[in-house]
Every structure is written in structure tokens, then in C-alpha cells.
Amino acid sequence: MQPVSYAAAAEPSPDLTQRTVDTLYRRIGLRLLPLLALSYMLAYMDRVNISFAKAQMQTQLGLSESVYGFAAGVFFIGYVIFEVPSNLLLAKIGARRTLSRIMVLWGIASASMLFVREAHTFYVLRFLLGAFEAGFGPGLLFYLTLWYGPERRARVMAYLLLASPVAGIIGGPLSTLIMSSLDSAAGLAGWQWLFLVEGVPCVLIGVLLFFVLDDSPQQARWLTAADKELIAQQVSAGGPARHAGLAGVVRDWRVYALSFSYFCMISGLYAISFWLPTLLRAVGVTRPMAVGLLAALPYIAAVVTMVLVAIHSDRRREQRWHSSISCLIAAVLLFVTASNLHNVAFALPALIAATGAIYAGYTVFWAIPANYLKGAAAAGGMAFINSVGLTGGFVSPLIIGGIKDMTGSLQLGLSVIAVLLAVGAIALACNRVDSGR
């Protein structure tokens, strides 16, 4: 007897159909999201763990603030150069091979950071880390668009991107624990152990991805034919996307405007990520373990705001205003932080709230291009937006590090980043990409 497809079933009740969809997506979520979120969390930890290694590396290697700022940012140059080719390759050869290859190579590069002895080696390894990791973030987001329809995307992307603040919550205490407990073991400094311990698991998880991921729902043996048909219906719901090919993307000014807004957003996000331990020391927190523990608080706030804003965005089926207003709030709070760096009672709560707001805007943002683009346009277009945006991760550490070297203070650099974040939020609010006009 042939299985009855969902499409051919005789007039199922709306409640029954919705329960069927919800049950299917619970299975999909349990199958995909834990491993993908773990992978994304490790990516974020390897990207920003130099913020915790910074103090030891500067003391032992004699690195200036400008050297640190350039090394933190040069990661994004490698990432940007190889981002679009990596995602186009994903669309051709599939997620399984692409994501596995990316993870194994960046794990090797991250662990190799223990060999840094001077600035040039520092720069080269950070560049390679970015080049090898290129395409991973937007690749995961594109992969989710193959499984989830428009009405679920903001929420499921929020669940995946929650891995970033969770990495911040775990990363601070874990990094300080590794450096303090393993310092001088086997002749290696604490910061060297940090890169080794946090790099090797990425290689192992990368190998695991190759064996457990399916390139698409249609290739998943654990789904029935009826399941696959229902997923296809969900993914295609909401009407056709604005672009299905790359040619339309490169001629669309709205895609460039989205890229600019994302650049401003990333400038603010990584200003916090790369300088959070330094900011905490600037407001008077000096003990290493206290820095590690307090560094978790902004990311705890981010977890809460990401979930709440994403759920509200999905219920209202609106992303642009949710993202832009969140980023504008973050800009104001970041300016408050910069203006009160020597007053912990004002600076620390403002910094915590700013982190929560910017992560909320960042999460909802990605549902906008996911709904606007389709097929090759989604893979290449999301990679292009991410590439342009991530140059903000290169620019903001340079701005803050350079200004700090010149003035001895973080205040002016943070204020510049706050203004940039506000400009990006206003540009996003004015970009009526969701209306198509």
C-alpha cells in the first residue's frame, strides 16, 4: 500500500495539520539544532578567545594595543575574501562536505595559535583562521532555509545564533580556568593551552558533521516521503522570493543597503566581543577570575533578548523594525557605557543591556535576507551580505585599539562605534526590503 501524501489527504482539519507540522519540526529540531549550535558556539569561541589571552600575550610577547587590534580584525579579511566562494561551493557540493571541511581546517588553525611568538605570526594565523572559517555562519543559515519555512525562520535562526552568547557565557570562565590551571604545564603558557584546548574539539566535531549531516531534506533517510513533501510545502510557503539568481542580487541596491547595515551592526558586536575583558578592567574589575565571570553577564542578557525578540518577530511576521530598533537602543546604551567608563554603577548595566540589544537585532536581521532571496541567490547573497558586514569586525578593533594607543582611553573609540551602530540602524529602518518597493 502506498503512503498517502499530506497534499493528497482528504481535507485534514487545520488543528490536525498544525499538530502534524509541529511534531515533524520537533523531530527536525532535535536532529539538527544541537549539533549545529555546538558547532557555531565553537566557531565563536575560537574567534574571540584572543580577548581572554590578550593580557598574558601582551605581557609575555610585548604586543601593543594596535597589534592586538589588527590581529583581532585581520581574521575578517581572510573570512571576507573566501566567504562567497565558500558558500557557492556549499550550494554545489552540499552542506555535509563543506561544513565538515571548514570546521576541521579552522580547528587546526586555532590550535596552531600556540606557536605565536611575534606580531607577524600572530597576523598570519589569525588571517588563516578567518580564511578557513569563511562561509560557516551564513552556510549554516542557508542550510536552515532548506528545512524551515518563513514563519519559523526568525525563531530557528535565533536558536542557532544563541550559540554566540552561550559561548560568551561559557567562554569567559572556561578560558580563565584553562589559563590559570594549565599555566606552565608541559612548558606551555596558559594562553597557549587556551588555543590548544579550544581548537582540537573543532577538528573532532568537523569529522562528525561529515557522517551525520544530510545535504537536504530530500536526502534524509530518516524522513518519510510524506515528511519530505510537507517540508517542501513549508519552505515554499509565503510566495516566491524577490530573487532566485545571483544576477538579480548584484544589481539590487537593497542588498547593498542590507550589507551596510550589517557592517554597522557587526562593528558594534565585535567592539564588545573583542574588548569586553579590557572594558571590565577599565571599570575597575582587576582579578582574572572576576573578569571571566562578569564577562558572562552581557551574554546572559543576550540569550534572553534574542529569544524574546525572535518569538515576537515571528508572531508579528516582521523583522526590519525589530532589528533596527534593537540596534538603535544598543547604540544609545553603548554611548552611555563610553561616557561612564569610570563609574561601574552606570557602565556595567549599560554594557550588559547594550549587548542584549545588539544580539537581538543581529538575530532577527538574518530572517530578512533569508525571506528576500532564494536558491543560488540565497547562498551567494547571504554570503555577500555577511562578507561586507564582517569587515566591521576588522574595522572596529582597529578603531578602538588605535584610538586607545593615542589617547590611553576607550571612551572615544566606543563613542565612534556607537554612532556607527546608530547610522546602520537608521539605514535598516529606511530600507523597505520587506515591502519590495
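Heads up, the Cβ atoms here are built off N, Cα and C, so glycines get one too.
The transmembrane segment annotation in TrEMBL covers 28-46 (among others). Within its own chain, the transmembrane segment (28-46) has Cβ neighbours under 8 Å at 99, 103, 106-107, 110, 129, 133, 136-137, 140, 143-144, 147-148, 156, 159-164, 166-168, 170-171, 198-199, 201-202, 205, 208-209, 212-213, 222, 231, counting only residues six or more beyond its boundaries.
As annotated by TrEMBL, domain 'Major facilitator superfamily (MFS) profile' applies to 32-436.
Taken from TrEMBL, the feature transmembrane segment covers 66-86 (among others). Sequence-remote contacts of a segment are chain residues at least 6 beyond its ends whose Cβ falls under 8 Å from one of its Cβ atoms, and for the transmembrane segment (66-86) they are 47, 50-51, 54, 57-58, 98, 102, 119, 122-123, 126-136, 138-139, 270, 274, 380, 383-384, 386-388, 390-398, 400-402, 405.
Annotation source TrEMBL lists transmembrane segment at 98-116 (among others). Counting residues 6+ beyond its ends, the transmembrane segment (98-116) has Cβ neighbours under 8 Å at 39, 42-43, 46, 50, 57, 61, 86, 89-90, 122, 125-126, 128-129, 132-136, 139-140, 143, 188, 192-193, 195-196, 198-207, 209-210, 213 in the same chain.
Here TrEMBL flags 122-144 (among others) as transmembrane segment.
Per TrEMBL, transmembrane segment is recorded for 156-179 (among others).
If you look up TrEMBL, you'll see 191-213 (among others) marked as transmembrane segment. Same-chain neighbours of the transmembrane segment (191-213): 35, 38-39, 42-43, 45-46, 49, 52-53, 56-57, 60, 95-97, 99-114, 175, 178-179, 182-183, 185, counting only residues six or more beyond its ends whose CB sits under 8 Å from a CB of the stretch.
What TrEMBL lists as transmembrane segment is 255-276 (among others).
Packing against the transmembrane segment (288-311) from elsewhere in the chain are residues 52, 55, 154-155, 157-158, 161-162, 164-177, 179-180, 272, 276-277, 280-281, 322, 326, 348, 351-361, 363-364: each is 6 or more residues past its ends and has a CB under 8 Å from a CB in it. Look at TrEMBL and you will find 288-311 (among others) tagged as transmembrane segment.
Outside the transmembrane segment (323-341), and at least 6 residues removed from its termini, the chain residues within Cβ reach (under 8 Å) are 261, 264-265, 268, 271-272, 279, 282-283, 305, 309, 347, 350-351, 353-355, 357-358, 360-362, 364-365, 368, 409-412, 414-415, 417-419, 421-422, 424-426, 428-429. According to TrEMBL, the transmembrane segment annotation covers 323-341 (among others).
According to TrEMBL, the transmembrane segment annotation covers 347-368 (among others).
The transmembrane segment feature in TrEMBL is assigned to 375-400 (among others).
Marked as transmembrane segment by TrEMBL: 412-430 (among others).
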**Report entry** Residues of the parent chain within Cβ reach of the transmembrane segment (412-430), under 8 Å, 6 or more residues beyond its termini
**Finding:** 257-258, 260-265, 267-268, 271, 320-321, 323-325, 327-328, 330-332, 334-335, 337-339, 341, 358, 361, 365, 396, 399-404
Report task. Calculate the per-residue pLDDT averaged over the domain 'Major facilitator superfamily (MFS) profile' (32-436) and state the result as an integer. Result -> 88
Report task. Using a Cβ cut-off of under 8 Å, list the residues of the same chain at least 6 residues beyond the transmembrane segment (255-276) that approach it. Result -> 48, 50-51, 69, 72, 168, 249, 295, 298, 324, 327, 330-331, 334, 351, 354-355, 358-359, 361-362, 365, 368-369, 372, 381, 384-393, 395-397, 399-400, 410, 413-414, 417-418, 420-421, 423-425, 427-428, 431, 433
Report task. Report yes or no: does the transmembrane segment (375-400) come within contact of the transmembrane segment (122-144), defined as 3 or more CB pairs under 8 Å with a sequence separation of 6 or more? Result -> yes
Report task. State the residues, same chain only, that lie 6 or more residues beyond the ends of the transmembrane segment (156-179) and have a CB under 8 A from a CB inside it; answer 'none' if no residue qualifies. Result -> 29, 33, 36-42, 44-45, 48-49, 52-53, 56, 140-141, 144, 148, 190-191, 193-194, 197-198, 273, 276-277, 288-289, 291-296, 298-300, 302-303, 306-307, 309-311, 355, 359, 362-364, 366-367, 370
